Amino acid sequence: MTQETLKADIKALLKERNAVLLAHNYMRDEVQEIADITGDSLALSIEAAKTDAEVIVFCGVHFMAESASILAPEKTVLLPRLDAGCPMADMVSVEALREMKAKLPGVPVVTYVNSSAAVKAESDICCTSANAVKVVQSMSEKEIIFAPDRNLGSYIARFTDKKFHLWEGYCPTHERLRPEVVKELKQANPDAPFVCHPECNPKVVELADHVCSTTGMYDYCKKSGAKRFIIGTEAGILWRLKRENPDKEFILASPALICPNMKLTSLEDVFEALQQMKPVVKVPEDIRIPAKRALDRMLAIPRD
């Protein structure tokens with residue numbers, strides 16, 4: 001079966017199943033190309049919550065499909081690759097988070113959406129990289145527990161006088177980008193702004209001309225007068241950046257910026273998931289209800 005035939009078959013199955021295909025910005029190019037909606041975690045969470053489709057095919061990693069199930073329990077949520085996990089999400093367990101909460105009674109937990117449903121259920125509010133600063137600024141408490149990403153937490157702490165108790169988690173892919181590599185690239189390309197994701201190491205973030213979520217990168221690069229950019233996030237973002245800005249050049253800050261989990265999902269996987277209507281991700285009600293409370297609090301914060 002050719003790729004074009006496969007794409008046509010997927011489109012036909014999507015229609016037949018009354019399904020919507022959501023793809024994260026880090027997916028393979030060909031998967032993003034057939035998606036009904038591409039976006040970051042926040043954008044896709046919002047789409048999952050409001051879609052009229054009966055079936056959500058989530059091309060991303062496990063915690064994203066869980067979020068869709070939490071927000072739209074009446075929908076069937078398919079995750080084409082059940083083994084597409086997130087190492088950072090796995091760095092925080094419910095038991096360990098409960099221990100931290102017990103040591104810091106009354107301190108609210110802000111959890112990055114890159115976490116399991118069970119961890120979200122232990123949290124007061126969730127955030128994404130797109131709204132994390134706003135979420136923390138909306139809180140009246142003077143101290144917060146922030147999990148699981150220490151790098152995102154360090155970045156948000158710059159914009160508030162709150163005391164942060166940071167979980168020691170991180171994204172292995174973003175952590176691979178080293179400051180010395182960025183310095184060399186900036187020296188070699190002085191006309192190119194360095195745009196990076198807040199999941200990068202703080203020493204890398206310090207070198208950035210602009211720090212933002214993947215959606216923020218699309219907006220920034222589109223509006224900027226610059227013609228060349230150094231991009232500090234997962235390689236999958238380049239597909240849409242190049243498509244939306246054909247007259248601009250994008251330099252990936254490092255060839256190491258590839259997430260193996262995000263690259264697992266193929267067109268064949270999407271086709272099989274739709275054909276067989278599995279694997280299904282369904283969050284149990286005892287976890288879903290408290291997790292939804294944390295996500296709803298996040299979604300209630302006004303967007304720009």
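One-based numbering along the chain as shown.
Positions of Cβ are set from backbone N, Cα and C atoms, glycine also.
Counting Cβ atoms from all protein chains shown, GLU199 (iminosuccinate binding site) has 26 others lying within 10 Å of its own Cβ. The feature iminosuccinate binding site is assigned by Swiss-Prot to HIS24, SER41, TYR112, VAL113, ASN114, SER129, HIS197, PRO198, GLU199, THR214.
Other C-beta atoms found within 10 angstroms of the C-beta of CYS259 ([4Fe-4S] cluster binding site) number 22, with every protein chain shown included. Residues or ranges marked as [4Fe-4S] cluster binding site by Swiss-Prot on the basis of sequence analysis: CYS86, CYS171, CYS259.
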Set of same-chain residues at least 6 away whose C-beta sits under 8 angstroms from TYR112 (iminosuccinate binding site): CYS126, CYS127, THR128, SER129, ALA132, PHE146, ALA147, PRO148, ASP149, LEU152
C-beta crowding around HIS197 (iminosuccinate binding site), within 10 angstroms: 29
Spatial neighbours of CYS171 ([4Fe-4S] cluster binding site) that are distant in sequence (at least 6 apart) but have CB under 8 A: PRO87, MET88, ASN114, ASP149, ASN151, GLU199, CYS259
Mapped DSSP class for HIS197 (iminosuccinate binding site), helix or strand or coil: coil
Integer Å distance between the CA atoms belonging to CYS86 ([4Fe-4S] cluster binding site) and HIS24 (iminosuccinate binding site): 13
Site extent for iminosuccinate, whole Å (max Cα pair distance, HIS24, SER41, TYR112, VAL113, ASN114, SER129, HIS197, PRO198, GLU199, THR214): 17
